[in-house]
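Inspection log for the structure reproduced underneath, given as structure tokens.
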Amino acid sequence: MTARLIDGNALAQQIRSDVAARAAALTRIGRTPGLAVILVGDNPASQVYVQHKVKDCEGAGMRSVLEKYDATISQAELLARIQALNEDPTIHGILVQLPLPAHIDPQRVIETISPAKDVDGFHVQSAGALMVGQPGFKPCTPYGCMKMLESIGYDPKGKHAVVIGRSNIVGKPMAMMLLQASATVTICHSATADLGHHTRQADIVVAAVGKRNVLTADMVKPGAVVIDVGMNRNEAGKLCGDVDFEGVRQVAGWITPVPGGVGPMTRAMLLVNTIEAAERAAARG
Ligand SMILES: Nc1nc2c(c(=O)[nH]1)N[C@@H](CN(C=O)c1ccc(C(=O)N[C@@H](CCC(=O)O)C(=O)O)cc1)CN2
């Protein structure tokens, strides 16, 4: 069997078109959605990602404001800037690109963003809302993974899902979203004794570790859906995920590529959260 590909680029394009129509409707009533993107320091990958976010916003007819700060900015200055953006009625979403320089506490920064503008879905209030099944912003990467499952008509209800990775921004929210969709969920991590024992039983595997070849063909149940969140570089500098793509595609039923899988969906779901934030603000008056 050769797995079918879940094309993140194509799905993201559909989502962007839908967001653009919603943004146009808001612009017609004078409420153009606005996203503030904060970049601290000169991490080359982060610079590329924030440029993409700005471009995505413009493509969808939304306003974006990119604020770049030197790596030496103090935490207090950064928090003050976020507080000002919280008060700005033309800004509906705020995100601070991660990672941050070591002297800045990322959780403190995230908690300073108003939950109403937390379009990354990283605020503890957003995490709590996800935990108890209340409305709130969902972190873009796992949200995008759920949309990918939906796009192939795959219902996680009653399925066994294994999430590899327990980060606050991917692994944990991914597990919560799958649980909410009535999957039976196992979270594996660096201290898991026999990873393959778990993944071989899984109908859905989400690999979110940040390490190449974490999932190989012998660890996958035939026909399983494999979602690769990883973003790594191989020895030749080529972008690759956490999954041994060539091996696993011979066994899985569906698989996401890297690049062109979860990455573009992460970007698309940021637009969805931003339009949602702007629509909620418009509804509040
Ligand atoms: N505040 C945030 N910081 C970070 C997040 C986040 O969601 N919010 N996630 C990552 C980086 N990230 C978005 O910020 C991100 C990374 C990569 C992609 C993407 O589209 N990747 C492409 C390949 C791009 C390339 O060639 O380098 C793909 O997979 O096809 C989207 C979003 C950490 N920080």
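Note: Cβ is positioned from N, Cα and C throughout, glycine not excepted.
Heads up, TrEMBL stuff is auto-annotated, nobody curated it.
Broken down with DSSP, the domain 'Tetrahydrofolate dehydrogenase/cyclohydrolase catalytic' (6-120) shows 60 helix, 18 strand, 37 coil. Per TrEMBL, domain 'Tetrahydrofolate dehydrogenase/cyclohydrolase catalytic' is recorded for 6-120.
Annotation comment: TrEMBL describes 139-281 as domain 'Tetrahydrofolate dehydrogenase/cyclohydrolase NAD(P)-binding'. Looking at the domain 'Tetrahydrofolate dehydrogenase/cyclohydrolase NAD(P)-binding' (139-281) alone, the prediction's average pLDDT is 98.
Residues or ranges marked as NADP(+) binding site by TrEMBL: Gly165, Arg166, Ser167. Close to Arg166 (NADP(+) binding site) in the fold, though at least 6 residues off in sequence, lie Lys172, Ile187, His189, each with a CB less than 8 Å from its CB.
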Secondary structure tally of the domain 'Tetrahydrofolate dehydrogenase/cyclohydrolase NAD(P)-binding' (139-281) (DSSP, helix then strand then coil): 54 helix, 26 strand, 63 coil
Neighbourhood of Ser167 (NADP(+) binding site) by C-beta distance under 8 A, where only residues 6 or more apart in the same chain count: Ala208
